[in-house]
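Q: Can you keep this structure in mind? I'll have questions shortly.
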Amino acid sequence: MKKTTLLNQALSEVVAGMGHGDLLVIGDYGLPCPKGVRRIDLALRPGIPAFLDVVETILAELQVEAAVVARETAERNPAVQEGLTRLLGGVPVTTVSHEELKEISARAVALVRTGECTPYANVILRAGVTF
């Protein structure tokens with residue numbers, strides 16, 4: 001059995017297979033998954049698992065060099081914005097419109113659907129390198 005933080009098999013496979021520059025989307029329950037992008041659905045019920053819990057878990061496993069967040073998040077969901085700022089630390093964050101975030105999502109290797117049912121709880125993580 002795995003001993004590290006990330007236990008979900010499908011998500012572990014995706015993270016382990018990501019290369020430098022690959023994109024991973026973590027989204028709320030309502031974020032659409034573009035055609036051709038692998039969906040990893042973690043949602044059990046509204047709020048479970050929470051978006052920030054999933055982000056924190058993935059950040060423990062994935063080297064991230066940059067992130068993309070919708071600019072609407074700061075205004076419409078300040079708690080998520082504050083949580084992302086805390087979790088991402090010094091990772092550079094680009095803000096785009098929610099529509100642009102959905103367009104960029106089409107280039108992701110996977111989209112992780114959480115049980116989060118608050119607006120604009122979405123982030124795109126760009127994989128970095130550990131050396």
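Yeah, the Cβs are placed from backbone N, Cα and C, and that goes for glycine too.
Among the features that Swiss-Prot reports, active site, proton donor is placed at His20. The substrate binding site annotation in Swiss-Prot covers Asp28, His98, Tyr120, Ala121, Asn122.
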Q: If I restrict to non-local contacts, at least six residues apart, and a C-beta distance under 8 angstroms, what lies near Tyr120 (substrate binding site) in its own chain?
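A: Listed in sequence order, they are Asp28, Ala70, Glu72, Thr73, Arg76, Asn77, Val80, His98.
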Q: In Å, rounded, how far does the Cα of Asn122 (substrate binding site) sit from the Cα of His20 (active site, proton donor)?
A: 21
Q: Fewest other CB within 10 angstroms, which one of the recorded positions His20, His98?
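A: Each of the recorded positions His20, His98 was scored by Cβ atoms within 10 Å; lowest is His20.
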Q: What is the interatomic distance between the Cα atoms of Ala121 (substrate binding site) and His20 (active site, proton donor), given in whole Å?
A: 24
Q: When you average the Cβ positions of Asp28, His98, Tyr120, Ala121, Asn122 for the substrate site, which other residues in that chain have a Cβ within 8 Å of that mean position?
A: Gly27, Gly30, Leu31, Ala70, Glu72, Thr73, Asn77, Val80, Leu101, Glu116, Thr118, Pro119
Q: Within 10 Å of the Cβ of Asp28 (substrate binding site), how many other Cβ atoms can be counted across all chains shown?
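A: Step by step: centre on the Cβ of Asp28 (substrate binding site), count other Cβ atoms within 10 Å, giving 20.
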Q: Translate the DSSP assignment of His98 (substrate binding site) into the three-state scheme.
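A: Reduced to three states, the DSSP call for His98 (substrate binding site) is helix.
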